[in-house]
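A short worksheet on the structure shown next.
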Amino acid sequence: MTLDVGPEDELPDWAAAKEFYQKYDPKDIIGRGVSSVVRRCVHRATGDEFAVKIMEVSAERLSLEQLEEVRDATRREMHILRQVAGHPHIITLIDSYESSSFMFLVFDLMRKGELFDYLTEKVALSEKETRSIMRSLLEAVNFLHVNNIVHRDLKPENILLDDNMQIRLSDFGFSCHLEPGEKLRELCGTPGYLAPEILKCSMDETHPGYGKEVDLWACGVILFTLLAGSPPFWHRRQILMLRMIMEGQYQFSSPEWDDRSNTVKDLIAKLLQVDPNARLTAEQALQHPFFERCKGSQPWNLTPRQRFRVAVWTILAAGRVALSSHRLRPLTKNALLRDPYALRPVRRLIDNCAFRLYGHWVKKGEQQNRAALFQHQPPRPFPIIATDLEGDSSAITEDEVTLVRS
């Protein structure tokens, strides 16, 4: 999808990016970040298409301290991407270039875009589709953890889809190496996907810190969001949302969960454990019964005659199932008036109509609002939450500080 071009999206001049221009021909804009633009580009020699992330690191926009910070973070991201290169579910760094004013990172072109956009279009995914996506994501996370890398910013926006709807994990800007037994204290990530221990660590100087378990919490939030179409933790006041996260307060109360299996609810519950020591690891999550259906079974050793008979019976059974699925049970007026939302076809009709009328702003209950999933606010630097809470901010009262800490 091509995006509108603004003055800040102008291409670097030839002198500032000579090496990049000699090899690639930049095309239309396909995405934007906080301090970067992503363009489709074409390899001049082969004609192959890629995506290039262009970051301006000039003194005109950033202070010297910020410049060094951005360059160091980008180099760290490049180092990690090269270390994990070759995994089928992690984005591949093809090329990189650096000049005095710009940095260029060339990646595989993921034509289907972000999982977030796909979810926006579909509203909620089936268990079958979710199973495939989450299995691939957990395999990527397990690979990172085996290599002592923690991602720290897992969310649908950082999961890309290729032409075959296979996922690739991207955006390793917050990733870092973490040796066994080592702990982190830095507050980073996206609020709705932050693990409780990250928040507690920022509010309590005596907290021991957090580890790789934060990635599994984020996987639990993503799994819940894919199936429900809305996040597990949301409140219009962010301070209360953070308390919900720290206490692990979420519910399977929206109508979507009526059609979900207890198996997937069990997996979500084991990923969204407030105690990181009780939370599943990526390897353990992949062994959960929810993923049993993904495992390939041994092929039957059948004769040609037996294969033909199986094919005939399969076709006949499929025809009978298709025929019976079109025979809807009669809907009485009393049933429709009594509880229309309890009837799955009617519920889907209501949801589709509401979604077409109001877009993403569809209320899902007193404590759930689909708006939380689709809000786009400019990211701000993360201060220490304790400082925010104990300051004189007019947006947060002393009562709310007590509420969060109680």
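Any Cβ shown, glycine's included, is placed from N, Cα and C.
The domain 'Protein kinase' annotation in Swiss-Prot covers 24-291.
Marked as ATP binding site by Swiss-Prot: ILE30, GLY31, ARG32, GLY33, VAL34, SER35, SER36, VAL37, VAL38, LYS53. According to its DSSP assignment, VAL38 (ATP binding site) is in a strand.
Residues or ranges marked as active site, proton acceptor by Swiss-Prot: ASP153. The Cβ of ASP153 (active site, proton acceptor) lies under 8 Å from the Cβ of ASP171, GLY173, PHE174, SER175, CYS188, GLY189, THR190, TYR193, ALA218, each on the same chain and at least six residues away in sequence. According to its DSSP assignment, ASP153 (active site, proton acceptor) is coil.
The annotation region 'Calmodulin-binding (domain-N)' is assigned in Swiss-Prot to 306-330 on the grounds of similarity to another entry. Using a Cβ-Cβ cut-off under 8 Å and counting only residues 6 or more beyond its ends in the same chain, the region 'Calmodulin-binding (domain-N)' (306-330) has close neighbours at 345.
Per Swiss-Prot, region 'Calmodulin-binding (domain-C)' is recorded for 346-370.
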DSSP helix/strand/coil residue counts for the region 'Calmodulin-binding (domain-N)' (306-330): 20 helix, 0 strand, 5 coil
